[in-house]
Amino acid sequence: MIVLFLLIFGGDALLQWIWDFIYAERHVLLMSPHISVCAAFSTHLIFSAPFMLLDVFSSYVGWLHKYRICREVVGLHQWFRCATRILWKYVVGVLPLTALFLSVRRTHFPERAPSCFHAFRECVSCMLIFDTLFFFCHYTIHKTPWLYHNVHHIHHQNRDTFALAAQDSSISELLSLQTLAFISAMLVGCHPFSEILFHLVNTWLAVEDHCGYDFPWSLHRFLPCFGGAPHHLAHHQHFKGNFAPYFRHWDYIFGTSLPISVNKRG
């Protein structure tokens, strides 16, 4: 998220400088399904890596325990097995879908980057649409036993969440999430640079929701409209409520928001 704020509020010149590089290599960077999928998987690993280090050193650093909200610390072997599972699903599922999507999509690449405000507005719009689509799909899956057991059950095997587990799902669920992200960007009709920012933010928020830590500097501490890790951990531990991935308004509106006491550790 720090990178996002630097990009958006660092000035139009910074966005233009980055976009000039992307624009010059657009056919390689943006139109190759292999590079796109590798970038998506690598981004998820990079965003998850700091929390992996926290899990590794938490037994040696006492003050970390007061911020950890999961009961169990995930070992390195679990991280490695999870990364292997996700990589396999990217290869056999996400890569073919991305190739299909890029082959039928006609993307316009303007020479000018969006302004800071324009990029911010489009990124937030994509997040709100994705959050809405995800909430109703997630709610429907939990209320439909067949869908839950055949699509979503694998993700809930991680009762105590950890960052990498954000994408530890069935192939069908990974493809559904990718499709929702693509639809969100298409509905907004945003600039390709804004879409890249949206995918980066989307990945980071998913990692933060599953990280298992509640730090004073977490995003939901500054913006209460976000649920954060405690909000999503309650969903994993109770298999109900808190269906929205990031924002909290849909759960409040439909009465599926879990009480604050449920969100607390223990």
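Note that Cβ sites are derived from N, Cα and C of the backbone, with glycine treated the same way.
Per TrEMBL, the feature transmembrane segment maps to 39-65 (among others).
Here TrEMBL flags 86-104 (among others) as transmembrane segment. Outside the transmembrane segment (86-104), and at least 6 residues removed from its termini, the chain residues within Cβ reach (under 8 Å) are 31, 33-34, 36-37, 40-41, 44, 164, 167-172, 174-175, 178-179, 182.
The domain 'Fatty acid hydroxylase' annotation in TrEMBL covers 124-256.
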Helix, strand and coil residues within the domain 'Fatty acid hydroxylase' (124-256) as assigned by DSSP: 93 helix, 3 strand, 37 coil
